[in-house]
Amino acid sequence: MSKKLYIKTYGCQMNVYDSVKIQDLLYPFGYESTEDIKEADIIILNTCHIREKAAEKTYSELGRIKKLQNTRKQEGLNPAIIVVAGCVAQAEGEVIFTRTPYVDIVVGPQSYYNLPELISKVVRHEKHLIDLDFVEEAKFDNLPEQLYTQGASSFISVQEGCDKFCTFCVVPYTRGAEFSRSVEQVYRESLKVVSNDTKEIILLGQNVNAYHGKGPKDKIFTLADLLKHLAQIPNLERLRYMTSHPIDMTDDLIKLHGTEPKLMPFLHLPVQSGSNKILKAMNRKHDRDYYFNIINRLREARSDIVLSSDFIVGFPGETEKDFEDTLDLVQRVKYGQCYSFKYSPRPGTPGAIRTDQIPEHIKSKRLTILQKELATQQLAFNESCVGSTMKVLFDRDGKFEDQIIGKTPYMQSVYIHNPNKSLLGKIVDVIITKAALNSLTGEIL
């Protein structure tokens, strides 16, 4: 009888990818995935530490799991093995055992390949096991072959960690220094997912355009080199990459957006702030004019490219003028979609110890204003698509029986009513008939 594995994933797409790999890792040891936490023999929380709210969600979920464990005990069942993985594990370590002593294993994002051994020790009644080593090579060398198919669109991790040390960010402390997988590893995994009917590959990294992986004859490949290499794979129709840092947008990568048809015309390029003063305080290593220059060059390379970004409001020392500079940048760039957040001080980062923290009510007010402008731009872009024909990759079922959902080249969700489920996994021409803030509606031509 197989054992059941339940994984709950928080945060970024890198965590989503890691969770798939954890499933692959544990499958040979008899663990099959379940979506029902109540039947799980192992419960893994793959966590995010980017903001305080995200971290506290982990502890709230652990509280619910404790109640579940008590219920199992009352029913005469063995308790599930509880694992906290990911960035909260890396950042808080032994503190997790102090706050939640019923947790069995704490494992960082670079160490989860050791989970089979750690789990076997818990089965032998060892307690409070922890592995927070930063050995990126070991992680990637020990990743299993792809077992669980991700579907029509697949994530592949090519780079981890970050050397930028932005003063608001915990990534260098939780994911470690920048490390790139070899071209051979990435290519082999790409071939595997395409053989399982993936049509789109999204290359992942905390700073993906800093990729410098070893290729044939020890040649170092840039991200542009890697994308060109992967574009040669038959039956692979779309390529994307995320998340990028402006200072690593090289000439060859920008030019590739104009020459490689498989590279989608949508780029997530976070700027965080439109104020030169705040950009400097954040240690972003560029100013607003540098960012504008990259945007202009991308649009020269490919006129139909659409941009996305991240913004943080209320960073320590942010004045009304600084916030107005951010609004000005947003209005000048005109984004297709964006993510925006209030600054959240993270322990151990330089921003957290500054004495000029912004009051919460001011951060909330600024976020509301910014999100209103971003929503206006997003809706305007979506409405501009009405009446056009777009190539949509259908990758999932909708809520209703005859509904399927796909993605445009610009990452917009498109809903159609069509009982023909054979369209799933295919790229189809769709005429867009209706636009909302977060989605489009269309009809098959």
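Placement of Cβ uses the backbone N, Cα and C atoms for every residue, glycine included.
Annotated features in Swiss-Prot:
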DOMAIN    3-124  domain 'MTTase N-terminal'
BINDING   Cys12, Cys48, Cys87  [4Fe-4S] cluster 1 binding site
DOMAIN    148-380  domain 'Radical SAM core'
BINDING   Cys162, Cys166, Cys169  [4Fe-4S] cluster 2 binding site
DOMAIN    383-445  domain 'TRAM'
Original post:
So around the [4Fe-4S] cluster 1 site, Cys12, Cys48, Cys87 aside, which residues have their CB within 8 A of the centroid of those CB atoms?
Top reply: Tyr10, Gly11, Met14, Asn15, Thr47, His49, Ile50, Ala54, Gly86, Thr174
Subject >> Candidate with the highest Cβ count within 10 Å, taken from the binding-site residues Cys48, Cys87, Cys162, Cys166, Cys169 >> reply: Cys87
**OP:** Determine how many residues of the domain 'MTTase N-terminal' (3-124) DSSP places in helix, in strand and in coil.
**Re:** 66 helix, 25 strand, 31 coil
**OP:** Using Cβ-Cβ distances, find the residues under 8 Å from Cys12 ([4Fe-4S] cluster 1 binding site) that belong to the same chain and are at least 6 apart in sequence, listing them in sequence order.
**Re:** Cys48, Ile50, Thr243
Subject >> Cβ-centroid neighbourhood (8 Å) of the [4Fe-4S] cluster 2 site, Cys162, Cys166, Cys169 excluded >> reply: Lys164, Phe165, Phe168, Val170, Val171, Pro172, Gln206
Original post:
Where does Cys166 ([4Fe-4S] cluster 2 binding site) sit in DSSP terms: helix, strand, or coil?
Top reply: coil
Original post:
How big is the Cα-to-Cα gap, in Å, between Cys166 ([4Fe-4S] cluster 2 binding site) and Cys87 ([4Fe-4S] cluster 1 binding site)?
Top reply: 17
Original post:
Which whole-number value in Å describes the distance between the Cα atoms of Cys169 ([4Fe-4S] cluster 2 binding site) and Cys87 ([4Fe-4S] cluster 1 binding site)?
Top reply: 12
